[in-house]
């Protein structure tokens, strides 16, 4: 895996290298323009960097910079590719000159060079390997951001080949192996050019680290980690050792045979040290990884144990809560049932007292007895509702497939008196078959429709509409009305038992109807809620499982 920060870091390095290449190209051209010899060659025994190559460096550096920094803008990306194409053509035309013995007049297009320049086959003509590198660099930059086929691998492969050509030239300069930088009958590549080409191809390789073989080199894997640290040493250290051995030979400290043996010894020693350091690092990494795995295993075991303990505690508390709820419901049922008999006795004796002593009671006494009887009746209604609430969970239920069309018809039959008196219009559509208890489902619709009829403005005819639609693994039912509505701040508490929003003289009731509806829905594994606008009506939603 390659992190975004690492990708940005490598692309940033590629951008800096492209700028350096442009500046070097400008510096070389300044050397040609003002005939500053050190800017085009380190000495008379070195090939000069040709002006065409300096121009090509500026073009390829700009091309890379535009693609890396403005690649998302089409016109800049196309401009960058056009500049890379020019570099590619400069290399191709020079190769034609070499291969077919031509003079296309491009060598001295920018600056003239006197005949007889060191290691130069034709005045100001770039080296053969320099022209090859321009072809490789131009083509690599043209396909560097193409996301078709294996273009990323192609771009990096071309850059790798160009890097090999450039490193061979620098090795030739380092160890006086002229064949590596100067082919017979051809112009030799300048040391300045070979060095700059190394920067160019490095920038190309770093420009797209997320793709191609560079993906492995810059990855956060163990292989990528060691590749980034070992590869520079493998390139630099043997080179440095060879150069130092060569100096010893040049100064007569030892001869070639001793020097070669010494070089082989130091290379073996170097590789042994690298192997030892790598092995030691891998050992430490494996040790750390094993420790992390052990800690992870221990944490997992502790987490599993904590999970089991938590599940056991939740299970115990759930059982305790269910037991407590059942006991409470049975207590409420028993208490409500036992209260009915003394309440009935109180009501009967009050009415008997009123009839027997009717002539002896004044108006206030009749009123007081009326209040007492009315209160007893309301308490009786409340006890009946409380018994009904308790029966939702206390009685054994039979769940089966139910046609909610028939359920709704039965609920309306039970509400016939209220419907006829209010003139309510009850409509429905898409009533499906659900899994439920018949008695509870009838009571659910009866409570919701009964409430809709009750809580309607007296100046309106109640209009109630029931419908359902399938959603995932359940049906979503809705019962809407044109009643008085409910303020949004009260919606959260309307399902609380005995919770009433109106006085009894406004709308009679006990405040248990919606609590029973919620209990029924929960018994079926669903949820219920309401949406309402005061003065416009309410809609009650509830879910029921599929059959």
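Using the three backbone atoms N, Cα and C, a Cβ is placed for every residue, glycine included.
The following features are taken from TrEMBL:
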type     : residues : note
COILED   : 282-327  : coiled coil
DOMAIN   : 334-547  : domain 'Histidine kinase'
TRANSMEM : 12-33    : transmembrane segment
TRANSMEM : 53-70    : transmembrane segment
TRANSMEM : 82-106   : transmembrane segment
TRANSMEM : 126-146  : transmembrane segment
TRANSMEM : 158-183  : transmembrane segment
TRANSMEM : 189-209  : transmembrane segment
TRANSMEM : 230-254  : transmembrane segment
TRANSMEM : 260-282  : transmembrane segment
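Beyond the transmembrane segment (260-282), the same-chain residues lying 6 or more positions past its ends with a Cβ under 8 Å from any Cβ of the stretch are 222, 226, 230, 233-234, 237-238, 241-242, 245, 248, 254. If you look at the transmembrane segment (12-33), the same-chain residues 6 or more away from its ends with a CB under 8 A from one of its CBs are 39-40, 49, 51, 53-58, 60-62, 64-65, 68-69, 110-111, 192, 196, 199-200, 202-204, 206-207. Averaged across the domain 'Histidine kinase' (334-547), the predicted model reaches a pLDDT of 80. By the Cβ criterion (distance under 8 Å, sequence gap of 6 or more), the transmembrane segment (158-183) is not counted as touching the transmembrane segment (53-70), fewer than 3 such pairs being found. Residues 47, 50, 52-53, 56, 60, 63-64, 67, 71, 77, 80-81, 84-92, 94-95, 98, 107, 152, 154-156, 158-159, 161-162, 165-166, 169, 181-183, 186-190, 193, 197, 200-201, 204, 207-208 of the same chain, all 6+ positions outside the transmembrane segment (126-146), place their C-beta atoms under 8 angstroms from a C-beta of that stretch. Cβ atoms under 8 Å from those of the transmembrane segment (230-254) belong to residues 167, 171, 174-175, 217, 260, 262-263, 266-267, 270, 274, 278 of the same chain, restricted to positions at least 6 beyond its ends.
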